[in-house]
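Student: Would you mind keeping the following structure in view while I ask a few things?
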Amino acid sequence: MITTLDGTTPLAHNTQMPMIGYGTWQVTDAAQATAGVKEAIAAGYRHIDTAAVYGNEEAVGRGIAEGLAEAGLSRKDLFVTTKLWNDHRGHDAALAGIEESLSRLGLDYVDLYLIHWPANSRQHPQDWRALNASTWSGMEEIYASGRARAIGVSNFTRKHLEALLSDASVAPMVNQIELHPGFGQWDAAECSKANGLAVEAWSPLGSGRVLGDPALGAVAAQIGRTPAQVALRWLLQQDIAILPKSVTPERIRSNAELFDFELSPAQMEAVRAVVDDTEHSDPDQVDF
Ligand code: A2P
């Protein structure tokens, strides 16, 4: 029997988003991307996250079609996210971007379409705000057309989000940002939640870097879970949706076994001691 993973969060405008999504960033090998998506659907994931820039939309789309067929499910049973890349900023380019992504995915709509990165003040010192507003007007049109059932942003800091909220007719429904033990865009998360956006974590395992951290290991040992499960549960308990990436079937499955345990307040606090001292991207300073 196929179990459906529990736990959805309502987005503005009545879409339900499953809190656990299968992340496909850095899955560049097509066969691996297709196999991973199929494995995830079979394991009960009902949310798949990709992006134009990942270069795997075709392979992910194949995995979706085959995975749904094998599980006896239909398109409406799955929540699919993709993202508009930075070379498609502005109203008209955004409209083209969704068509290109849908064509690669082999879908006629996505459940969530995100602006991947804000135009920032390093690259667009004069017009970053206007450029984001223009892109967003395209996103609003895409939403109105039904080609995306929900629209949102990714990597938006408080600065980018507050500007966009002032300029938008339809408020973004989601902000997907880097969040994991040891590092997080916490101010952006707080600002997003305060404005009614759901928050999603990319790299919820710190791309695997933080899994050997002793603080995480100690909590995992206490409760007989893996460090990855502790990291993921820690985010879920803060109402943050998670997008763990793995190409390893056993990890795909165990990363989603998160609803039969709970971290105590002391364990939640203990995970705050995790250290990740690698350099992280500042969305207002990146040059891509
Ligand atoms: P792999 O894909 O080879 O299984 P993130 O989701 O933060 O981007 O992290 C993804 C990285 O973490 C990948 O390198 C992935 O490896 C690894 N990973 C995913 N799940 C686990 C797990 N349960 N245990 C150990 N490493 C994991």
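Any Cβ shown, glycine's included, is placed from N, Cα and C.
Pulled these features from TrEMBL for this protein:
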DOMAIN    20-275  domain 'NADP-dependent oxidoreductase'
ACT_SITE  TYR54  active site, proton donor
SITE      LYS83  site 'Lowers pKa of active site Tyr'
BINDING   HIS116  substrate binding site
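Thinking about packing and proximity, how do these listed features fit into the structure?
Tutor: Summarised as a single figure, the pLDDT of the domain 'NADP-dependent oxidoreductase' (20-275) averages 97.
Under the three-state DSSP scheme, TYR54 (active site, proton donor) falls in the helix class.
LYS83 (site 'Lowers pKa of active site Tyr') carries a strand DSSP state (E or B).
Cβ contacts within 10 Å of HIS116 (substrate binding site), excluding its own Cβ and spanning all protein chains shown: 21.
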Student: How many whole Å apart are the CA atoms of LYS83 (site 'Lowers pKa of active site Tyr') and HIS116 (substrate binding site)?
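Tutor: On Cα coordinates alone, these residues lie 5 Å apart.
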Student: Among the recorded positions listed here (TYR54, LYS83), identify the one with the smallest other-Cβ count within 10 Å.
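Tutor: Lowest Cβ count within 10 Å among the recorded positions (TYR54, LYS83) is TYR54.
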Student: Cα-Cα separation of TYR54 (active site, proton donor) and HIS116 (substrate binding site), in Å?
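Tutor: About 11 Å separates the two Cα atoms.
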